[in-house]
Amino acid sequence: MENTQGFFISVLAVSDITSILLRTTLVILQYANMTDKYSVLCKGRSFIFGLPSGISSFLHVAIALDRYLRICKNNSMFSKWRGRVIIVVMSVAFIGVLPKLFIADIVQKNSSDNHTSLVCKISDEDKIIYCLPVLVLCIGIAAVLVILYGRIISTLNAHFKRIENSLTAAEISGNLEIRDEQNEHKSELSQRNILVMKKTISIFIAISVTFFLSYIPFLITYMFRKSRDEISFVISLLLYNISSMVNPFIYAFMDAKFRSETKNLMTQTFLKCGFPEGTEL
């Protein structure tokens, strides 16, 4: 996979799809009261529920850094270290969600009719202690993305303006030599490339904004909710799930190489899990 951009986008898409599948499975287990009976399932549900979100958050940063280094610094470092970047992203997300294994547990709940039941939950105090730093981190990540993409857009605009000025100067001079025509043709190609890059960056920004506008409200309602059926929490969770479902389709329309990149990534993953080499995905 030579295209670093396609590689990170494919990993992000797989993370979004995995997130949807895991959350759906966990909701089914929850309403089957499986996670309310077994402590291991309760802790595992809380951990797995948060892991894909952490991976997606840090992948957005990795994508923005990759674009920033390539466009603003002419540095392709991420193309050499992309595998290690993914390992770092997953490790940081894993460490960030690890406390959920210790604060989630099964507790007794007394209903209004004096009926006692077991519920998998995190106490309100632990929830705020855990979620508040995560919320601050998300806002910090969003601020970093604004700065990085702002610098990228500024750099592209500066390049675009220089090319426009060179084309204008060539028209004013009226020099029709072949070399000048070739230079003008190269400038037009560069201009077209910058427009394509600006369009791609705009889509990256839209994806990042969509993710954080859906995840941060979900995090806030989760932090302060009193019941798993609270309407504001259900709505925010629904919006977050819709965001995760829609994003892979956006990636597919954004990059023609996306489908082959994703297929290669998933093929390698399935082969490592022991599937035969000829298995169709």
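In case you wondered, yes, glycine gets a Cβ from its N, Cα and C as well.
TrEMBL annotations: computationally assigned, not manually curated.
Per TrEMBL, domain 'G-protein coupled receptors family 1 profile' is recorded for 1-251.
The transmembrane segment annotation in TrEMBL covers 7-32 (among others).
As annotated by TrEMBL, transmembrane segment applies to 44-65 (among others).
Look at TrEMBL and you will find 85-107 (among others) tagged as transmembrane segment. Listed as Cβ neighbours of the transmembrane segment (85-107) (distance under 8 Å, sequence separation of 6 or more from its ends, same chain) are residues 11, 36-39, 42-43, 45-47, 50-51, 54-55, 57-59, 62, 78, 118-123, 126-127, 130, 134, 137.
Among the features that TrEMBL reports, transmembrane segment is placed at 127-152 (among others). Below 8 angstroms of C-beta separation, residues 57-58, 60-61, 64-65, 67-68, 71-72, 96, 99-100, 103, 201, 204-205, 208, 212, 215-216, 219-220, 222-224 of the same chain, each at least six residues beyond the ends of the transmembrane segment (127-152), sit close to that stretch.
According to TrEMBL, the feature transmembrane segment maps to 201-225 (among others).
Feature annotation from TrEMBL assigns transmembrane segment to 231-254 (among others).
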Can you work out which residues elsewhere in the same chain, 6+ from the ends of the transmembrane segment (44-65), have a Cβ less than 8 Å from its Cβ atoms?
5, 8-9, 11-12, 15-16, 18-19, 22-23, 26, 29-30, 35, 78, 85-86, 89-90, 92-94, 96-98, 100-101, 103-104, 120, 122, 137-138, 141, 144-145, 148-149, 152, 204, 207-208, 211, 215
Determine which residues of the chain contact the transmembrane segment (201-225) at the Cβ level, with the cut-off under 8 Å and only residues 6 or more beyond its ends counted.
53, 56-57, 60, 63-64, 67, 127-128, 131-132, 134-135, 138-139, 141-142, 145, 149, 152-153, 156, 232-233, 236-237, 239-240, 242-243, 246-247, 250-251, 254
